[in-house]
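Taken verbatim from TrEMBL:
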type: DOMAIN; residues: 47-152; note: domain 'Ig-like'
type: DOMAIN; residues: 156-251; note: domain 'Link'
type: DISULFID; residues: C202-C223; note: disulfide bond
type: DOMAIN; residues: 252-351; note: domain 'Link'
type: DISULFID; residues: C298-C319; note: disulfide bond
Amino acid sequence: MEAEHLSVVSKLPADDMLSALGFLSSICFLFADSARRMKVERSSPVQGSLAEQVVLPCHFSIIPPPTGSTSTSTTAAWTKLVGDEEIVVIVTQNGFLKIGPEFKGRVSVPSHPEDEGDASLSIARLRASDAGVYRCEVMHGIEDTQESVSLNVNGVVFHYRANTSRYTLDFQHAKQACTDVDATIATAEQLHSAYEDGFDQCDAGWLADQTVRYPITMPREGCHGDMIMRPGVRSYGLRNSSETYDVYCYAGKLQGEVFFADAEMTLDEAREECERRDAVLASPGHLHAAWRAGLDRCDFGWLSDGSARYPISVPRMQCGRGQLGVRTMYRFLNQTGFLLPSEKLGAFCFKGMSS
Ligand SMILES: *[C@@H]1O[C@H](CO)[C@@H](O)[C@H](O)[C@H]1NC(C)=O
Ligand SMILES: *[C@@H]1O[C@H](CO)[C@@H](O)[C@H](O)[C@H]1NC(C)=O
Ligand SMILES: *[C@@H]1O[C@H](CO)[C@@H](O)[C@H](O)[C@H]1NC(C)=O
């Protein structure tokens, strides 16, 4: 059942429900020694992709099974471990519902978990920040049992500008530009999830549905689009495919390894150096996927499209002014043009899984 529908039938305000939960768990504590036993199955880590949906399993059995008219209430509570704290994802009890603010409109559990022994959590429109450890706790009558599940989220959206200048790609070339760098043109849903994770880029780019948008988390002059001083994804709507913009690309899970070759090399020398190491120059798609997986390097390196970039996963002032992400070195101050291939830099090399 969709979470938002459930909340309509809530009979108790959330605070009352939480105190009811507190009451329940203190009863559990006092009378833990009961004839009825509960068991939750363990599960392996769950893999999800940006903007898609996942189900975190929580199957349990009550022994002996509850009979016919069960007056015993069942509570299913999902929490997420964030640092030393546990935040509420969703708590459901006899149709009463509480959902944590980051999960509003995106999570649901079966409305009567006891019927099927299933309190699995579904999360829609996944964000990178949803990755982590979740805990499912089921309380039936005076029994209480729990299990943890970890969630990984793959996929990254990035802005791509052609080597010549800003806003030079028509819709066909925009799709091709993403394919050429081992990515695909991003969907509006993927861009939205990236925005929710904090992606901010003041450049209009094509998306898969032939709309043109850009994500702004820090509203500022020159980046208002169709929203004045409000954070959000700006949209130019559906555009004629012959108009030209930049593009937003999407790269999934890295199928291999990216490493830095530390030397002073021209673009051609960089390509040869990667080959000497049984690899190839990494593409921007590879580098962004590697960044998402934690690659951190504060040196510009050549990539397969002739661009020079570096990935920052650990914030520090001297590398990209404390910001996270993949930095690009442009030839001109107005952030256009790639470096001359004769410049001397390191290289990011990519080695596929099979090689
Ligand atoms: C720019 O990119 C195009 C195609 O991606 C390529 O054919 C061309 O050689 C590049 N130009 C420069 C100056 O790198
Ligand atoms: C798109 O723009 C081109 C060039 O301006 C024009 O020839 C074409 O008719 C337009 N297509 C649509 C569907 O509006
Ligand atoms: C960016 O700067 C370069 C060099 O000054 C100039 O040739 C180019 O036209 C500029 N591009 C844009 C989009 O402003």
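Note that Cβ sites are derived from N, Cα and C of the backbone, with glycine treated the same way.
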Rounded to the nearest Å - Cα separation of C298 (disulfide bond) and C223 (disulfide bond): 28
Candidate with sparsest Cβ neighbourhood (10 Å radius) among C202, C223, C298, C319, the listed disulfide-bonded residues: C298
The domain 'Link' (156-251) - residue tally per DSSP class, helix then strand then coil: 19 helix, 30 strand, 47 coil
Distance from C319 (disulfide bond) back to C223 (disulfide bond), taken between C-alpha atoms, in Å: 24
Euclidean distance between Cα atoms of C202 (disulfide bond) and C319 (disulfide bond), Å: 20
Per-state residue totals over the domain 'Link' (252-351) - DSSP helix, strand, coil: 19 helix, 33 strand, 48 coil
Counts of helix, strand and coil residues, the domain 'Ig-like' (47-152), according to DSSP: 10 helix, 58 strand, 38 coil
